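Quick look at what TrEMBL annotates:
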type: ACT_SITE; residues: A:C87; note: active site, nucleophile
type: ACT_SITE; residues: A:H195; note: active site
type: ACT_SITE; residues: A:E197; note: active site
Amino acid sequence: MKSAVIVFPGSNCDRDLAVAFEAVTGAKPEMVWHRDTELPDDIDLIGVPGGFSYGDYLRSGAMAARSPVMQAVAKAAERGAYVLGICNGFQVLTESGLLPGALLRNAGGHFICRDVSLTIENAQSAFTNRYDAGETVTFPVAHHDGNYFADPATLDRLEGEGRVALRYAESCNGSARNIAGVLNEAGNVLGMMPHPERVIEAAHGKTDGRRLFEGLVEGLLTRA
Amino acid sequence: MKARIFVTLKGGVLDPQGKAIHHALDGLGFAGVNDVRAGKLIELDLADGTSDEDIDAMCRKLLANTVIENYRIEKAD
């Protein structure tokens, strides 16, 4: 199984995500620089990490979404590779059009850095199959622009198609319908603001995030 | 040739920055400010003959996120 983590100038959760991938796959992911134009043909899993890519210039994730490597990520996603975008990675995926909607400045105007309770809305997806539907988990968030926005018709479609993977148990940043994570139509791309990679081992204080990565790997093994 | 691109949030999209500015204006004692919306001005210095289509494409592909923003192009020679 081959995994990769994309690294943009200003990424700062890339190594945490690499540790999480290695913990469940047993192999170090390839760290792929934003200028690279290709990913390995047989890549199974791609992480788009958190951080402040390109200093969040113009809009969060806007410059990263237009970087050369994102064309390769889009191609891999189309082929069926799993793509997980966390925090800034979620912003990059919406800016690149791989996921619908946009992430606006938090409604309260403040940077929010704390643990939040999340409800697993769709426990069937490749990313959430190790959780129970309706289960509450705790992941940390650390973002300024996490306020999910999409027009009402798009929101209705996402809900109807089970593409809202996670929801904040309580209002957090002003997100429409408390949406914390969304899937693409094919279900192989997930973007989420909370950080599962920060809660994968006992030393982190919580391990709620580990099952997300374990479920992904299990899915890949059974698919192969 | 120069072009100025005005990028503004669509109506109905929350603007916490505008709200904060509004609040600060209130604090300074300016009465009668009904609402504040903040946007961006991007100035482009372009090769002469750059087509309108190209400028529009720049806006759509990068300068504005049309999910949440509108843009207006103002050309000046």
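Backbone N, Cα and C atoms are what each Cβ position is placed from, and that goes for glycine too.
The Cβ of A:H195 (active site) has 22 other Cβ atoms within 10 Å, all protein chains considered. A:E197 (active site) sits 11 Å from A:C87 (active site, nucleophile), taking the CA atoms of both as reference points. Reduced to three states, the DSSP call for A:E197 (active site) is helix. Cα to Cα, A:H195 (active site) and A:C87 (active site, nucleophile) are separated by 7 Å.
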